[in-house]
Each structure stands twice: as structure tokens, then as C-alpha cells.
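Feature annotations, reproduced from TrEMBL:
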DOMAIN    129-147  domain 'U2A'/phosphoprotein 32 family A C-terminal'
REGION    188-236  region 'Disordered'
COMPBIAS  188-204  compositional bias 'Basic and acidic residues'
REGION    366-400  region 'Disordered'
Amino acid sequence: MFLSVTEDLVRRRAEHNNCEIFSLEEISLHQQEIEKLEHLDKWCRDLKILYLQNNLIPKIENVSKLKKLEYLNVALNNIERIENLEGCEELKKLDLTANFIGELSSIESLKCNIHLKELFLMGNPCTEFEGYRQFVVATLQQLKYLDSKEIERSERIKALQDYPEVQWKIREQEEAYLLKRAREKEEAQRRMQEKKDEKQKQMDSKLGCDSPDSPQEKPNQAEADGEQERCRTVENYDDDEDRKFWEEPTPYTPESRLETHRYIEEKTETYIRVLVKGKPFQLVLPEEVKPDSSSAKRSQTTGHLVVTMPKVCKIGDITQRSLNVVSTLGIDCNSEQENSCSFEKLEVDPSKYSFPDVAKIVQEKERTGQGPIKFQPQKVTEAKKSSDDFENNEDVPPLI
């Protein structure tokens, strides 16, 4: 199974363009474990800059319709020859650093890219060929820079003069390299088959140790000790396998790079493996689970094998699940939150601050002589309080 460019991946990497892919001009798809290059020439016709470095792409393909593409970076991949770029009419910069290009004559396909000014081939097997730079400089006369080094006019004249002799040397070295690559591919296939067979044996041995359908008869002590020792040996196999894999000398080839990726992917994936009636059953899980809390039991009603594996919940998942439970129980989260939060208000002491009564700013005047006498407001006079020694003598005239 290989990983290709998906629409979801492209949209996620197009956040700077509001996740719109039809008008996308630049996209970075580096370190995405892509093994097949496709769909971009249909979805993103306006691409000008495309980053695909550090993937597992074995071949340049499905980019010929990107007429506006100016910069293509496919460094650190498994590419072995240059091809299918004739349709990229505006291509100005091509980065093929650290690939596996040994067929140097394949650069002749870049003659059609008349705007190509910069080419990077550092870290490829072809750079070790005698006459490598002279051949490239003479073949691609539109280039201005090769491997970050400017091409001088005198260098190009000399390369063109020596081109027939250099071309013959390059052809010979290419043939030798292609024969070497054929042997490497055969050796890689042989090693892969051996490891597959060895892994199957170890898997069968491990499943025999972890079988849930164990016999009901209790084995004797000698058999139990032997079984425990075999189980311990199987458990130590993983550590020995890791040590052997990383310490074993391996040539740096596209096959070994892909094998390393597969090995790391296998070690990091989550799976369940059960032995049912002597036959192994393995299922890769899409999410991480808790193995200590998992169980495999047979249903007493249907007889089916029921495997229960709780997921490893992240903080965000726990919060969301809690909210879902609360909403299911009919609890108003907003009211709960409001009641749980208390606010202190700033109170003003009225004894320290007095404010005028707006309604009594204008005093009401006495209304006299208005309307009938019976409706006129009457004066209410309070009787003055008299003292105890006061005598009311009617003969004495009033003071006022």
C-alpha cells in the first residue's frame, strides 16, 4: 500500500489560501510520506512553487500540465531518472538533491525547458561520474547555475569542445551503474523475502505463546517452565530484532530507504493479534488504545469473540465527551457556569456621597388667588409649642 496525494492533504496544506486549491500558487507537501505523485496537475493548475522534498517518491509524474510551475523541489526522494517535465514550460528552478539519479543522460529531457536556470543534482550517484559537470553544462546550455555554482562562459565553451569524448565516458559509466542497480534490486528482493519468512515464524511462535484457546488440562511443572522460557525468548525477540536491523550494514538504495520507512511504520502502528483455532488474525487499528485495559472474551450468548479496547483519550476528547454527557443528562452548561461563578460588585456608601434629587431642584411655589376659594390650598400652620411659664394675657397687645 502506497501513500499518494489526497485532496484532504492538499486542502490542509492550503490554509494560507483559505483552503482553496483551484487557485493555489504555492504548496508545501514535504515530509508527508508520499509514495506516488498524482492529482496535482488536475486540482492545482495555477501552481508556481511546489515543495515535495523528503518523501518516498520514486518517479516524477503527473506534473506535465502545470504550465505555470516555476520551482519544483523533489530533494530527498527515491527518484532514479529525470522525466515527464517537458510540459512545465515556465520551469526555472529544479532541485533533485540527494536522490538516486544514476542515468545522467536523462537530463536531455530538460532541453525543452528553455527557461530553466538553476539545477541541483548534489548527492546523486551521477555526480560521481567522471565528466559529470562538463556533460551537464554542454547538454543544458540554458543553465546559469549548476549545484549552486555559476556556469562561466569559458566553462561552457570548453565543455562543448570536449562533449563527444565526455558523452562516451558518461555512457560507459551509466551502463556499469545500471548493472549494479539490477544486482541491488535482486539482493533487496531476496533479503525482503527472507525477513518475511523469519517474521512469520516468530509471529507463529509468539501467537502460540499468547493463545486464548489454551487447553483446559493443567500441564506439569517441567512443561510449564519450558513454556515460560519460550515466552520470555519470544518477548526478547523484538529488542534483538531492533538491534539487528539498525546495526546491520545495508547499502543506501531506494529499496533500503523504503524498507527503513516500512520498519518504523510497523513499529509505531497499533494492532490487535489473536490466535483463533490455531490461525493468526491481525487487525491494524486507526487509533491508539490502552492494551492494559483491553480484553478478548467470547460472548456466552452468541459465541462471538468480543474484543474490547478503550481508546487513549486526549484532553480535548475528554472535554468534548464530558460536554456530550452533560448535554445528554439535560443540564444547562451555561447556567451551571453562571451559578458557579461569583462576581463582587462595587457598592457606594450613600452616607459618604450625597446626590441631588433631580425632582426637587425647582421648589413648588404657593398658589394663592387662583380658582375658587374652596379649591385654594390652605396654609397649614403648626402651633408653636409654649413653655410651662407662659401666660396668655389678652390685655397685652401682641409684639408684632
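Placed from the backbone N, Cα and C atoms, the Cβ positions cover glycine too.
What TrEMBL says about a protein is an automatic prediction, not a curated fact.
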Note to self: Can you break down the domain 'U2A'/phosphoprotein 32 family A C-terminal' (129-147) into helix, strand and coil residue counts using DSSP?
What the structure shows: 8 helix, 2 strand, 9 coil
Next item on the list: Go ahead and report the DSSP secondary structure tallies for the compositional bias 'Basic and acidic residues' (188-204): helix first, then strand, then coil.
Entry: 17 helix, 0 strand, 0 coil
Checklist line | Reported mean pLDDT - the domain 'U2A'/phosphoprotein 32 family A C-terminal' (129-147) | finding: 96
